[in-house]
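Once you've had a glance at the structure underneath, I'll fire off some questions.
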Amino acid sequence: MSSDAEMAIFGEAAPYLRKPEKERIEAQNRPFDSKKACFVADNKEMYVKGMIQTRENDKVIVKTLDDRMLTLNNDQVFPMNPPKFDKIEDMAMMTHLHEPAVLYNLKERYAAWMIYTYSGLFCVTVNPYKWLPVYKPEVVAAYRGKKRQEAPPHIFSISDNAYQFMLTDRDNQSILITGESGAGKTVNTKRVIQYFATIAVTGDKKKETQPGKMQGTLEDQIIQANPLLEAFGNAKTVRNDNSSRFGKFIRIHFGATGKLASADIETYLLEKSRVTFQLSSERSYHIFYQIMSNKKPELIDLLLISTNPFDFPFVSQGEVTVASIDDSEELLATDNAIDILGFSSEEKVGIYKLTGAVMHYGNMKFKQKQREEQAEPDGTEVADKAGYLMGLNSAEMLKGLCCPRVKVGNEYVTKGQNVQQVTNSVGALAKAVYEKMFLWMVTRINQQLDTKQPRQYFIGVLDIAGFEIFDFNSLEQLCINFTNEKLQQFFNHHMFVLEQEEYKKEGIEWEFIDFGMDLAACIELIEKPMGIFSILEEECMFPKATDTSFKNKLYDQHLGKSNNFQKPKPAKGKAEAHFSLVHYAGTVDYNIAGWLDKNKDPLNETVVGLYQKSSLKLLSFLFSNYAGAETGDSGGSKKGGKKKGSSFQTVSAVFRENLNKLMTNLRSTHPHFVRCLIPNETKTPGVMDHYLVMHQLRCNGVLEGIRICRKGFPSRILYADFKQRYRILNASAIPEGQFIDSKNASEKLLNSIDVDREQFRFGNTKVFFKAGLLGLLEEMRDEKLVTLMTSTQAVCRGYLMRVEFKKMMERRDSIFCIQYNIRSFMNVKHWPWMNLFFKIKPLLKSAEAEKEMATMKEDFERTKEELARSEARRKELEEKMVSLLQEKNDLQLQVQSETENLMDAEERCEGLIKSKILLEAKVKELTERLEEEEEMNSELVAKKRNLEDKCSSLKRDIDDLELTLTKVEKEKHATENKVKNLSEEMTALEENISKLTKEKKSLQEAHQQTLDDLQVEEDKVNGLIKINAKLEQQTDDLEGSLEQEKKLRADLERAKRKLEGDLKMSQESIMDLENDKQQIEEKLKKKEFELSQLQAKIDDEQVHSLQFQKKIKELQARIEELEEEIEAEHTLRAKIEKQRSDLARELEEISERLEEASGATSAQIEMNKKREAEFQKMRRDLEEATLQHEATAATLRKKQADSVAELGEQIDNLQRVKQKLEKEKSELKMEIDDMASNIEALSKSKSNIERTCRTVEDQFSEIKAKDEQQTQLIHDLNMQKARLQTQNGELSHRVEEKESLISQLTKSKQALTQQLEELKRQMEEETKAKNAMAHALQSSRHDCDLLREQYEEEQEAKAELQRALSKANSEVAQWRTKYETDAIQRTEELEEAKKKLAQRLQEAEENTETANSKCASLEKTKQRLQGEVEDLMRDLERSHTACATLDKKQRNFDKVLAEWKQKLDESQAELEAAQKESRSLSTELFKMRNAYEEVVDQLETLRRENKNLQEEISDLTEQIAETGKNLQEAEKTKKLVEQEKSDLQVALEEVEGSLEHEESKILRVQLELSQVKSELDRKVIEKDEEIEQLKRNSQRAAEALQSVLDAEIRSRNDALRLKKKMEGDLNEMEIQLGHSNRQMAETQKHLRTVQGQLKDSQLHLDDALRSNEDLKEQLAIVERRNGLLLEELEEMKVALEQTERTRRLSEQELLDASDRVQLLHSQNTSLINTKKKLEADIAQCQAEVENSIQESRNAEEKAKKAITDAAMMAEELKKEQDTSAHLERMKKNLEQTVKDLQHRLDEAEQLALKGGKKQIQKLENRVRELENELDVEQKRGAEALKGAHKYERKVKEMTYQAEEDHKNILRLQDLVDKLQAKVKSYKRQAEEAEEQANTQLSRCRRVQHELEEAAERADIAESQVNKLRAKSRDVGSQKMEE
C-alpha cells in the first residue's frame, strides 16, 4: 500500500482512488471483536451489520446497528472481516469471502467514490452517475508502466496490464467490458481508447491537410471516432441517457516496439427500428436532435427542416431532450470528428442530407383512393424535400412507393399498395438508408485508421449493448441478450472450465469445482437446429408465414420441453408477450410481432432502383451492391450458387455469423474482463440498491471468480521463458558447464528461492503460480537487477578511472622530462661552447637543405605525373558513377514495385486467411446440415416403404371419393337455394347498417387474405418441392442410387395429403355450412327483435335525460339563490353581534329547504333504479346474444380456415370441386361478416347508452349525498353556536373576578419583594466575604506550590552541576592517560585541554556555590509561607463562624416563607380551576367557528360542483340526442316518456313547495336562538357556584400543604446541622489533600534525583567502558592506573545496582502516588464543578422566578445544598477508599524495600498492615452500602425531575392552546394570557415545592444516620492513613540517608 506522498502523482484524483494513509492506520487500530461482529440476513436491506449476543444450539441472537434483536439460524449469520480489510482494493484478499462482505466492500468504496475494485483476476466498476476527476492526463501518466499491485484499481491499470502482457507475452489481448444497459460500458471503452492513444503514440504528425485525406494524427482519429459513432449509434433509453444501440469491437494494432500502428472497428446489430419508433421514455439517435439544436444554422437551411423535433414524427414519439446531454455542443464535437477523420466535404454534406431525408420520410402522408384499395400521396411537398436531399425525382419516388413493380414469373407487373403497406415501405426504406449510411461510415473510418504501417499485435476492446429487459422486448432485444449470454458463457468457460481443464492437462493435482455457471441450455435453445433462430429462418422461407404460425411452432417445439422456454403470465398495464426466456440475468418476456418482416428485411425494390441511380453519390454508392429480385437472377447466372445463397441470408443469419466471428476473435486473444454494475434504477449518485447489485454479482460470476482466483493458479509461464527471465534470481542454482532441461532448471531455481511451496505448482510444460506470487518474483528480479547494475557500474567506473589515472601518470612523466630538459638547457645556455654550437649548427644544415631541395624537385615531378594519371582515372570513374547511379535508380524503382506487390500479397493473404476462417465455419455448418439431412433421408426411406403400402389402399379410397363427390354436388345445389333466401332477408337490414360498411370491407379483406393464404399454401408446396429437390440433388452426390426413391416418396406424400384433405374437407364443410345456415337464420330473427326493443329503450332514456336536464337547471337556479343568501350572511357576520339572530334564521331556512329538496329527489332515485334494472336486463340479453354470435363466428372462421388449408393441399386433383365450394364459402362468409358487423354495432350502441345511464345515476347519488352532508353541517353549526354563546358569558363573568383577585395578589407581591431584596443584600455580603476568604486560601496554597516547584528545580540544577563535575573528572582522567601515552606528539594539545578543564572545574564549583545559596534562600521562603498558611487557616475558622450566624438568619426567613406559601397555594388552586374552564370554553368556541367556516366553504364547493354537473349532464344529453338520431324506431315509447314527464313536473312542484316551507323554518330558528341565550345565562350562574366550591377546596389543600411545610422546616434544620459537620469534614479533607500533594511533590522530586543519579551512573559506566578499552590496548604502560580504574569501576557497579533498586522502588511509589493524587484531584475538581454548577443554577432560578416566590426558592436551595453536602460526604468516603487501596499497594512495595534494609521491622509492620486491612475492608463494605443507597436516592430524584419535565410539557401545550385562543377571541386575549402565566408559575412552584419537600424529608432522615456512622468510620480510617503516611515518610528518609 503506497503512502500519501506516492499518491501525490495522481493529483486531485488521489482521494477517489485510494484511502489516505491516516484513514488506513485508523482502520487498523479500530477496536474490533472478531467473535461478535457479523453480517446477518435482512428482508429490507438484504444484509445488515450486527453484533452476536448469544448462541443457543443452532440459533444465534444478534443485535443490529439500529438496536433490533434478531434470532437467526447459523447459516444466516456471516462473520465480518477485520477493519483493515475495509474498502480493500482486491476482494480476493479478504479473510472471509461471502456475499455480504463483497456487497459491503463495494458499497463502502462507492460511498467514498472509489468506483473501481479488483475482484480476483478482473475489475468491477460501479456507475457513479456523476463526473469524477479520475481520467485526467496526470492520472494516465501515473498509471503508465505500473504493475497492478503498485497502483490503485482503475480501468487505466487494466489497460496498461494488457499492453504490457502484449509486449512481454507476444500475444494479442482483448478487454471485455460487460454489464447491463446503463452500467457505464461506453464511458470505460472511451477511457481505454484514450489511454492507448496517449501512451503508445508514434509521434508522427501530418505535414499537410488535403481534402479527403487524414486531417489529424492517428491517435486523434482513434479518439475522435467515438463522438461520431455515438452521434449516429447512441440514444437515450429507459436506463441510460447515452446507451450504445450497436455493438462494437475496436482493434488497436501496435508495431513490434509497442507503438500505435493502426486501428479498425467492427460493429454488430445496429438497432435500426429506433429510426422510426421509440418508446415514450426514450428517444431516437442523438444526431437528429443535434442537428435541430440550431448550433449550425446553415444545416437547418441545407436540410429544409425546422428546429422543433415535434414537426417530425419519426424522432418525436418519446422524449426530445436529455438533461445530461447538451445537443448543441455535441453537434460541434460530431462535426469536428468528421473533419478530423478525413471525410471530404462532399461526403460530409451527403451524410447530413441523408439524415435530413430520413426525418422528412416520417412526414410523408398517403391516402386511399375513392372506391379503390389503392393508396395515393396526400400532398407532394414533403416528398419534394426528401427527393431534393436524396437526389431523386420525387414523382418517380412516389410512384414507386404507391405502385411498385413486382416480378411474377419472367415478367414484371405493377402491384397496388394500400396506405398501410406504403407506410410500412417508407419506414423500411428510412431504416435501410440509415443503417447502410452507418455501416459505410464505419468502413470509411477503418480506411482512415489503416495507416499501412507494419503491425505485430492488437488489443481488442469490446463494447456491446448490455443485457436489456424492457416492457416491450422485440427481436433486437433477443439478439442483444443472446450476445450477452454468449459473452457470459465465454467468461464462465474461460474462468472456470478452461482454467481447471488446463490444470488437469498439465498434471496438477486439482479437484474439479462445478460453479454452476453453465449457460449452454439457453444458448442452444436460441441458436441450435430447431431453436428459435432456426424456426424463425424456416418461417421466413415460406412467403405467407405469419407471427401466429411462428409462435405455434415455437410452442410445439419447446414449450414444456425446455426449462428456459416459458409461457409468459399476462400482466396488467404491460405490452403483450408471446413467450419468455430464462436468461442468466433474469426472465425476459418477448413480443414476436413483426419478427418475420424484421428478419427478412424486405425493401421496395423499385425505390431501391431509384436510389442506385441517384445524383447523390453517397446514396447511389450505398445501394450499388443491393441484391434484390432483379439483381439476384443476373447475379446468380454470373457467380452461380454463391450469389444466390448470399441474397437469401436473413438478418438473424448475418447476426449469428458476425457473432461467431467475434467469439472466434475473442478466443484467439488473452481476455481481460471489466464488469460494470448499476448501483440503482433511479440514476442517483451515491445510492446503492443491495438487491439489484447482488443480482448482478451473482449473474456475472463475481464471487465464483474470486474463489477460483484464490484457490487456483491464475498465472503461468513456460519453463523456458521462466528460466530465461528469472535465472538472474539465483544463477548458481543452474550449473553452467552441463546441459539441463528447462523444467528441471525451473524446479531447481524455485526451490532455491525463499518462496512458499504451496504458492506454485509444476505442470508438464508450464509452472503455475497463485495470485500475487508472480508480482513478488518480479519485485525480487527488479531488486536483483538493481544490485547487479550497481556492481557493474562500479566495475566500469573503476576501469575507466584506472585508465584515466594511467594517462595522468604518463602525462606527469612527460612533464617531468620536459622540465628536466629545460632546466638543463637553462644551465648550459650561457656556456661559450654552447654559443659556438648555436652558430655552427645552422651552417651544417645548409648542405642538407640543398640535398632536400633536390629530392623535393624529384618528388614534385613524380607527383605531377601521378596527378595527370589520377585526373584521367577520375574522369573514367565519374562516367562509371553516372552509369551506376542510373542503374541504382532503376533498381530502387524495381524494389519499390516489389515491395508494393509484397504488400498487396500480404493483404490478399490476410483476406484469404479471413475467408478461410469463414469458409471453415461454413464447412462446419454444412457438414452438420449434411449429417442432419442424411438422418432425415434415412427416415424418409423408411416412410417411403410405409407409403408404398398405403398407396394401394388410397387408390381404392379415391374411387369411393368420386362417388361421394356426386352426392356433394347435389347437396350444394340445395345450399345455393337456401343462400339465396338468406340474401333476400339480409337486404332488409342493409339500410340499418350503412355506417358499418368499412368494417365489412375489412372483413372482405380478411376473406381476400384467406384466398391469399390458399395461394401461400400452394407456394409453400412449391417451395417445399424445390427444397426437397435441392436436398435430393445433394444426396445424389453422396448416394446416386437413392434418387429414384426420393421422387417416388415425394409423389406419394402429395397424393396422400390431397386424398386425406379432400375427404375431410368434403365431409366437414358440408355439415358446417348447413348448421351455420340454420343458426344464422335463428339469430337474425332474435337480433331484429332485440334491436327494436333496444331502440325503444334508448328513446325512453333520451326523454328521461331531457327531463333530468330541466330539473338540474331548476336546481341550479335555486342553488344560485342560496348562494346569494350565504353572501348576505357573510356581510352580516362582519358587522356587530346584534345581527347574529338574523343569520341563524337564514341558515335554518336553508337547512329546511335542503331537507325538502332531498326528500323530493328520492322519487327520482326510485325511478332511476327502475330504469337501471331494465337496462341491466337489456344488457344481459345483448351480452348473451353477442357471446353466442361470437362463438359461432369463431367456430365458422376456424372451420373455414381448416377447410381452406386442406383444400389448398389437394388443389391438383380436386380443382373443380374446390372452385365450387370456394364460391359457396365466400358468399356465406360475406353474409356472416355482415351479420357480425350488425351485432357489433348494436353492442357498441348499447354500451354507450349504459355508460350514459351510469354517469347520470352516479351524479344524482353524489348530489344526494352532498345535500345530506350540508343539512348535517347546518345542524351542527347551530348547536355549536348555542354552546359558544353560553361559554362566552361565563368567561366574561369569571374574568372580572380574576381581575379583582390579581389586584390583591399584586399588592402582597410588592410587600414580599421588598423583604426579599433586603435578605438578598445580606446574603450577598456574607457570601462575598466567604468567597474572599476561600480565594485567599487558594492563592496562598498556590504560592506554596510554586515555591516548592522552584526548590525542586534548584535541586535538579544542583544535580546537573554535580553530573557535569563528575563528567569533567572523567574527561580529565582520559586526557591524563592520553597525555602519558602520546606525551611527545601532543604536548601542546594536552596543555590547552588542561587549561580548558581547569576553567570548567572552576565554573562548576561556582555553580555549586550559587545553587547552595539558592537552596538556603528557598528554605527561608518555605518557612515564611508555612506561617502564612497558618494565618489563613485561622481566617478560615472565623469565616465558618460567620456562616453559622447567616444560617440563623436564614431560619427566620424560612418562617416568613411558609406563611406566604400558604397564601400562594390558596390563590393557585382558584386560578388553576379558572384556567381549565376558560381553556375548555375557548377551544370549544374555536372549534365551533372553524366548523361554521367549513360549512360555508362546503356550500361554495357544492355550488361549483353543481355547475360542473350541469355541464356534464348537458354533454351527456347531447350524446344521447346523437344516439337517438341514429335510431329510427323511437316513436313507440313516446307515450311512456310523456307520462314520466308529467310525474317529474309534479315532483318539481313539490320541491318548490318544500323550499317555501324552509323559509318558514328560518323564523323558528330565530326563536330557538333566543332560548339558547337564556340557557347560556343560566349556565354562567352554575359555573360561578362551581368556582366558589373550587375556592373552598383549594383552601383545604393549602392547609394540608402548610403542615407539610412545617415538617420540611424541621428537616431543614436537621440538614443544616449535617451541613456544618460536612463542611468541617470537607476542611479536613482539603488539609489531607494538601498533605498528599506535598507528599506527591516530594516523591516526584526524589524520583527526579534518582533518575539523575541513574543518568550519572550510566554516563560513568560508558566512560569506564571506554577507558577500559583504552587501558587494555596500553596495558603495559599504565598497569598501575588500570588497577585503580578497575576498583573504581567495581564501586560504580555497586552504586549502580543500589541506585537501580532505589529507582525501581521510587518509580513504583511515584506511580502509586500520582494515581492517588490524580484521583483526589479529579474528585476535588468534580466537587468544585458541581458546587459551582449548583450555585449557578440557584442564581438562575432566583433571576427567573417572580419576586413573590423568592422565599420558596430559598427553601429549595437549602434542600439542594443538603443533598450536595450528602453527596460530597459520600464522594469523600469513596475517595478515602481509593486512597486506602493505593496505600495498600504502596505498602506492598515498601515491604520489599524494608526487607532489604531492616529485617527487624518486618513483623511489626506486617501486624500493623493486617490491622489496617481489616479496618479498610469494613470501611469498603460500608461504603458500598452507602453507594447503593445513594443510587436509590438518585433514581428517585430523577423520577421527580421527570415529573417536573412532564408538567413543563403540559404547560407548553397549554401555552399553545392559549395562542390559538388569542387568534379566535380578541377581546379576552390580554386577560386570559395574564391568568395563564400566573397559574402556570403558581402551579409549577407548588408542585416542585411539594415534591422536593416530601423527598427531602425522607432522604435527610436516612442520610443523617448514615453520615454519622460514616464520619466515625472516616475518623478511624484517617488515623490509620496518618500512621501509614508516617511509616512511609520514615522509610523514605531512611532510604535518603542511605
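A Cβ is built for glycine as well, from the same backbone N, Cα and C atoms used for every other residue.
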Among 251-265, 356-370, 536-550, 761-775, where does Swiss-Prot put the label region 'Actin-binding'?
761-775
Please find, within the list 1037-1058, 1213-1234, 1257-1278, 1917-1938, the residue stretch that Swiss-Prot describes as region 'Disordered'.
1917-1938
Please find, within the list 222-244, 659-681, 1855-1877, the residue stretch that Swiss-Prot describes as region 'Actin-binding'.
659-681
At the level of the C-alpha atoms, what whole-angstrom distance separates K185 (ATP binding site) and K130 (N6,N6,N6-trimethyllysine)?
15
In Å, rounded, how far does the Cα of G182 (ATP binding site) sit from the Cα of K130 (N6,N6,N6-trimethyllysine)?
13
Taking the Cα atoms as reference points, how far is G179 (ATP binding site) from K130 (N6,N6,N6-trimethyllysine) in Å?
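Spelling it out, the Cα of G179 (ATP binding site) and the Cα of K130 (N6,N6,N6-trimethyllysine) are 18 Å apart.
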Specify all same-chain residues, apart from the site residues G179, E180, S181, G182, A183, G184, K185, T186, whose Cβ lies within 8 angstroms of the center of the Cβ atoms of the ATP site, ordered by sequence.
N127, N240, S243, G466, C676, I678
Determine, from DSSP, whether K130 (N6,N6,N6-trimethyllysine) sits in helix, strand or coil.
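Going by the DSSP assignment, K130 (N6,N6,N6-trimethyllysine) belongs to neither helix nor strand, so it counts as coil.
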How many whole Å apart are the CA atoms of A183 (ATP binding site) and K130 (N6,N6,N6-trimethyllysine)?
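Their Cα atoms are separated by 13 Å.
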For the recorded positions K130, K185, which one has the sparsest Cβ surroundings, going by other Cβ atoms within 10 Å?
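K130, out of the recorded positions K130, K185, has the fewest neighbouring Cβ atoms within 10 Å.
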Looking at Cβ-Cβ distances, which residues of the chain lie under 8 angstroms from T186 (ATP binding site) while being 6 or more apart from it?
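Non-local contacts for T186 (ATP binding site): E230, N234, N242, S243, S244, D463.
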Please identify which of E180, G182 has the densest Cβ environment, defined as other Cβ atoms within 10 Å, among these binding-site residues.
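Of the binding-site residues E180, G182, the highest Cβ count within 10 Å belongs to E180.
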Can you grab the distance from K130 (N6,N6,N6-trimethyllysine) over to E180 (ATP binding site)? Cα atoms, rounded to a whole Å.
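Cα-Cα, rounded: 18 Å.
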May I ask you to report the DSSP-based helix, strand or coil state of E180 (ATP binding site)?
coil
Taking the Cβ of S181 (ATP binding site) as the centre, how many other Cβ atoms fall within a 10 Å radius?
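There are 22 of them.
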Please work out the helix, strand and coil residue numbers for the region 'Actin-binding' (659-681) from the DSSP assignment.
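So the region 'Actin-binding' (659-681) is made up of 9 helix, 8 strand, 6 coil.
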What number of additional C-beta atoms lies within 10 angstroms of the C-beta atom of A183 (ATP binding site)?
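The Cβ of A183 (ATP binding site) has 24 Cβ neighbours within 10 Å.
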Mean pLDDT for the region 'Actin-binding' (659-681), rounded to an integer?
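91, rounded to a whole number.
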